[in-house]
């Protein structure tokens with residue numbers, strides 16, 4: 001059994017897409033803190049924030065993080081999970097943290113292309129490109145401080161997964177044939 005792999009980064013960096021592909025490539029389970037939370041409270045993130053505020057959402061997010069953390073699991077986290085110091089320390093201590101790093105332009109393009117974009121509550125109330133820039137400026141140092149590895153997430157998902165696997169200690173990789181899975 002291996003430590004969980006936590007994917008952190010801003011909205012649109014590919015945590016869920018890369019996470020599912022990485023789980024398949026490593027034979028790990030996959031979990032998404034936002035999806036777990038939404039399925040357990042039967043509300044969208046926007047509804048939770050509207051009813052409980054960001055503080056209530058962040059408390060629930062910590063509970064979700066702890067609930068999905070298990071050996072041999074790839075965990076896609078919410079973009080703001082690193083705002084809570086406990087979460088940063090927990091992920092860094094319990095698992096391997098991978099920051100999926102991408103520039104504002106890439107993040108905005110991906111977010112604009114997402115069909116569920118309207119389900120995500122605005123963080124600042126500003127236009128998307130301005131919001132993404134501000135949020136990334138506020139959080140980038142926290143992502144970097146928390147991460148064991150920083151990976152360029154602008155590439156194709158398969159290439160990002162290959163780079164993550166190459167960066168991980170050999171004991172995390174399972175080689176089957178000529179493909180890391």
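Just so you know, the numbers here start at 1 and follow the chain as drawn.
Every residue, even glycine, has its Cβ placed from backbone N, Cα and C.
Among the ranges 82-96, 97-111, 112-126, the one that Swiss-Prot lists as region 'LID domain' is 112-126. The binding-site residues close to residue 13 (ATP binding site), defined as a CA atom within 10 A of its CA, are 79 out of 32, 34, 58, 79. Taking the Cα atom of each, residue 34 (substrate binding site) and residue 15 (ATP binding site) are about 11 angstrom apart. Cβ-based neighbour count (10 Å, all protein chains) for residue 17 (ATP binding site) stands at 17.
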